[in-house]
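Asks: Here it is: the structure, laid out below.
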Amino acid sequence: MSKHLTVVDHPLVQHKLTLMRDKGASSAEFRRLLHEITLLLAYEITREMPMTTRAIETPMEEMDAPILAGKKMALVSILRAGNGMLDGVLELVPSARVGFVGLYRDEATLKPVQYYFKVPEGMNNRLVIVVDPMLATGNSSAAAIDLLKQAGATDIRFLCLLAAPEGVARMKEAHPDVPIVTASVDRGLNSKGYIMPGLGDAGDRLFGTK
Ligand code: URA
């Protein structure tokens, strides 16, 4: 993808996002809406997948028809809220392999620390789509992408539901080669690092925790 940031302003995406932001949405509704929006965002992030043609015969005649060139994909969820976006992308690309990155913030250094990392083999040959609903400070996203690059990935895209301008700027500085697709860039972060107006803690809302 050529653009660093794509905001998907499709009416269905914006409508569903509003329903998700509303604090009255139940976890079941929130999960379903995140799944549905992910399908629409995944459509956008896969727009420039490499294509080739295949010679086929329709009932009418022969043709060289467009088909995916077959570049392998890895879908990487940033735990835990990223898991709410996994099934949406897998529904469109069922053959994708799946990886997980777990990071927590060290309260003394405020730096992200890895506690889990498991990705498919052959990352250097895969289109890697990283999913995390909230791009807030961008520190954990940038750290996760550092780890994926260390594992060999070179073709990485980042899919999120909401972004803060601070997170977009952090990613552009750390990983200008990683395009971001999101449904909205909100006003900014509050003092606790939450996106405003945002939708609260995506993990808690997805899984009904507090
Ligand atoms: N993570 C969340 O779940 N929500 C925010 O607003 C910021 C980070």
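Counting begins at 1 with the first residue displayed.
Heads up, the Cβ atoms here are built off N, Cα and C, so glycines get one too.
Quick paste from TrEMBL:
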type	residues	note
DOMAIN	7-209	domain 'Phosphoribosyltransferase'
BINDING	Arg80, Arg105, Asp132, Pro133, Met134, Leu135, Ala136, Thr137, Gly138, Asn139, Ser140, Asp201	5-phospho-alpha-D-ribose 1-diphosphate binding site
BINDING	Ile195, Gly200, Asp201, Ala202	uracil binding site
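Can you tell me where each of these features sits in the structure?
Replies: The secondary structure of Arg80 (5-phospho-alpha-D-ribose 1-diphosphate binding site), as reduced to three states from DSSP, is coil rather than helix or strand.
In the three-state DSSP assignment, the secondary structure recorded for Ile195 (uracil binding site) is strand. Within 10 Å of the Cβ of Ile195 (uracil binding site) there are 27 other Cβ atoms, across all protein chains.
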Asks: Counting all other Cβ atoms within 10 Å across every protein chain shown, which of the binding-site residues Gly138, Gly200 scores highest?
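Replies: Of Gly138, Gly200, the one with the most crowded Cβ is Gly138.
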Asks: Near Ile195 (uracil binding site), which binding-site residues out of Arg80, Asp132, Met134, Ala136, Gly138 have their CA within 10 Å?
Replies: Met134, Ala136
Asks: Counting other Cβ atoms within 10 Å, pick out the least crowded of the binding-site residues Ser140, Asp201.
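Replies: So among Ser140, Asp201, the binding-site residues given, the one with the fewest Cβ atoms within 10 Å is Asp201.
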Asks: Whole-number Å only: compute the distance from the Cα of Gly200 (uracil binding site) to the Cα of Ala136 (5-phospho-alpha-D-ribose 1-diphosphate binding site).
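Replies: Cα to Cα, Gly200 (uracil binding site) and Ala136 (5-phospho-alpha-D-ribose 1-diphosphate binding site) are separated by 11 Å.
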Asks: List the binding-site residues Asp132, Met134, Gly138 whose Cβ sits under 6 Å from any atom of ligand 1, in sequence order.
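Replies: So the answer is Met134.
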Asks: Rounded to a whole angstrom, what is the C-alpha distance between Asp201 (uracil binding site) and Met134 (5-phospho-alpha-D-ribose 1-diphosphate binding site)?
Replies: 9
